Structures are given as structure tokens and as C-alpha cells.
Amino acid sequence: MKATRDHASAPFCTRFNHSDPGIWAAERAVEAPNNLTLPPEPSEDCGSVSVAFSMTMMITGFVGNALAITLVSKSYRRREGKRKKSFLLCIGWLALTDMVGQLLTSPVVIVLYLSHQRWEQLDPSGRLCTFFGLTMTVFGLSSLFIASAMAVERALATRAPHWYSSHMKTSVTRAVLLGVWLAVLAFALLPVLGVGQYTIQWPGTWCFISTGPGGNGTNSRQNWGNVFFASAFAILGLSALVVTFACNLATIKALVSRCRAKATASQSSAQWGRITTETAIQLMGIMCVLSVCWSPLLIMMLKMIFNHTSVEHCKTYTENQDECNFFLIAVRLASLNQILDPWVYLLLRKILLQKFCQLLKGHSYGLDTEGGTENKDKEMKENLYISNLSRFFILLGHFTEARRGRGHIYLHTLEHQ
């Protein structure tokens, strides 16, 4: 009897152009040897779309984070104030974390797409899968915790300026950032020690934390470890989001209260109003980006844990296929956060964009005039350059200093630096 092809049960990639159709095909044939239905032939368009998507995300993330690291590093070398350097360290560490995380994972996905092979064929030992899952866990949680640390720093600077001015030093910032990274790394190594498991995820092009019972070779202890590790990851991620939201809201409240305390409509009062508005908008933007990118994945992981399911069932294309597709979208949203971070925190700030426009106008004006504009162009370039950017960071973080003998907050502004 001649075998036929069932296009109705075609893999996810064939229908939605997300993955190569041959990745799971061989495994389904092994699981159902009596089924005469053959998997659909590989689609070149499907593979090209997947590769283009992965390469676009990797290149975009690399460019944005590399630009942020360059600006921050130059600014850091020019700054003398310790409190100014603390916030620059946080920004630079976040950009470096996002960039390294993408560079370690995206090439693996691209190679797998281009090879048109199953993961097990390229990684028979499973070590690459463990490395991939560990990398996603480390750099994913690190980004969330660094964002939380930055939110805590902003809240302390505005609500406890005296304590912040006397205790917050560059060495403390370095220790906190290094401690965060080491703690997350230790947590991510738990599956290597037997607590939890990194498994191949739908549609077979990446590895991540297993959220439910493993394969046929897992016992009850391993299943318990999977549940514990996946639950801990989701709870830690959601806790980081809650801390970030709470601290950002506290910062906004402190700024609004300080703005209202200005009794007169002086220039200082107008400046405070502008700073408060711009900062509140940016902090709300940060909260929106974090919630949209991370909440779907973390909440869905908890849902799958409570339902005792995992993406292992996606291989058979059951009635839960929509859940598999949504899980893939949730992971891609989390990956998108690594691309958006440098733009939300730094590159799309109004002040920086205005300075770039001034620089462009300065170059254009200098082409048509002589002599008298050289000093002006040079001054604009210097203002645009990193020294002015560092002052802007102080506005962004709302670093404060307590004046000796006075009980009010003193805010560094661009005009007074």
C-alpha cells in the first residue's frame, strides 16, 4: 500500500513558518511506526524565514548593546564622581549581559536551522542542550535582576538621599553586580547537579528548563526536581519584576512630591516639572517593556507546572498545539527584551537624540561658513560627547546629594554641571 502525506497534521513550521519541518519528523515516525503517514518534505521558505528572523534579532541586539557599551565605557573613563560611575556600571553591565547572552545562543539556533537536522543529530551527547539552557537561564535572570538593582538604586537616590550619598560607592555597585551574576550562575547549575533538567523545546531548535515530567527515562525524583527548578525560575523572575515595578513607582512618587513642593513658578520649578515628566514616562516605558516581554513566559511556565505538562507533548501535535505555539512566542518576547534594553534605558532618550540633531546641524552649518563657527561646532560636539551623556545619566537615575547642614534633596541637572 502506497503511503500518503497528511498536510492537515503538518508541523508547525510548514503552517506558520517558524521552524524546519524535519526537526521533529523522525521522532514522530519512531513513536508511531505503524502510521503510514509520511512527514511533509522540508520547505526552503520555512527555513529561510526562520534563519532571517534569528539573524535579524542577533544583529539588532548586537548593534544596540554594542553602541550602549561604547557610550558608557567612554563616559565612565571621563567621570570622577563615584555616584555617577555607579549608574554607568549598571547600564554597561546590563548591555554586556544582553549582548553576550545573544551571541552565545543565536548562532546555535541559526546553525540548526541551516542544517535541516534534528537537535539530537547535532548534539547526541546532550551537552550542547545543557549549555544552551544554562545560558538562557543565566542571562535571562541576570537581566531581570540588574534591572531590579537599577530600580532600587533610583528609589534610594530619591527617597533616602542622605544614606545613598554616604554609602553608595562604586565598589558597592561592582560587588552587587558580580554577586547577582554569580548567584544566578549557581542557580542555573542546579540541573547539572541533578535538580531540574534542560530539555529540547518546541519546535526543536532550542533548549530550556523542563516544566513537567520528563521523558521515559525520568523517575519521580527527577520529575520533582524539574518542577522545583522551573517553579523557582518563574518565581524569581516574577519577584524581580515586582521589585522593579515597586521601586520605579516609588521613584515617580518621590519626584512628583518634590515637584509639587516648589511653591513658585521659577525656572527651577519648571525644570523639575520637565525632569519629572520625562523620567516618569521613561520609567513607565521600562515597566511596560519588562511586563510585555517577560510576563507571558513566566506566567505560562507556572501554568504548565500546575497542569503537570511540558512542551514534550508538542511532538505529537495534540489538541494542545496552541499552547506550544504560544510558549514559543513567549520565549521570543523574552529574547526581544535583550534587544530593547539599550534603547529603553539609553539610546532613545530625548536629550541624547536632541544632541545628535545638534551635532548634525553643526556639521551642516559648518560646511557653509568659515572661521566663526569652528568653536561653536567643537563645543556642540563636546556637549554631545560622553561628558554630557554622563550628566544625563544623573538625571536618568536621579542621583542626589545631601547638602551639608540642609535637609532637602539636591538634584544635579545638565545646566548646573
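Backbone N, Cα and C define each Cβ position, glycine as well.
Pulled from Swiss-Prot, these are the features on record:
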TOPO_DOM  1-52  topological domain 'Extracellular'
CARBOHYD  ASN17  N-linked glycosylation site
CARBOHYD  ASN35  N-linked glycosylation site
TRANSMEM  53-77  transmembrane segment
TOPO_DOM  78-90  topological domain 'Cytoplasmic'
TRANSMEM  91-111  transmembrane segment
TOPO_DOM  112-130  topological domain 'Extracellular'
TRANSMEM  131-152  transmembrane segment
TOPO_DOM  153-174  topological domain 'Cytoplasmic'
TRANSMEM  175-196  transmembrane segment
TOPO_DOM  197-226  topological domain 'Extracellular'
CARBOHYD  ASN216  N-linked glycosylation site
TRANSMEM  227-252  transmembrane segment
TOPO_DOM  253-282  topological domain 'Cytoplasmic'
TRANSMEM  283-306  transmembrane segment
TOPO_DOM  307-326  topological domain 'Extracellular'
CARBOHYD  ASN307  N-linked glycosylation site
TRANSMEM  327-348  transmembrane segment
TOPO_DOM  349-417  topological domain 'Cytoplasmic'
ASN307 (N-linked glycosylation site): tally of other CB atoms within 10 A of its CB: 12
Overall pLDDT for the topological domain 'Extracellular' (307-326), taken as the rounded mean: 72
Interface-richest range of 91-111, 131-152, 227-252, 327-348 toward the transmembrane segment (283-306), CB pairs under 8 Å: 227-252
Maximum Cβ pairs under 8 Å to the transmembrane segment (175-196) - stretch from the list 53-77, 131-152, 227-252, 327-348: 131-152
Interface-richest range of 131-152, 227-252, 327-348 toward the transmembrane segment (53-77), CB pairs under 8 Å: 327-348
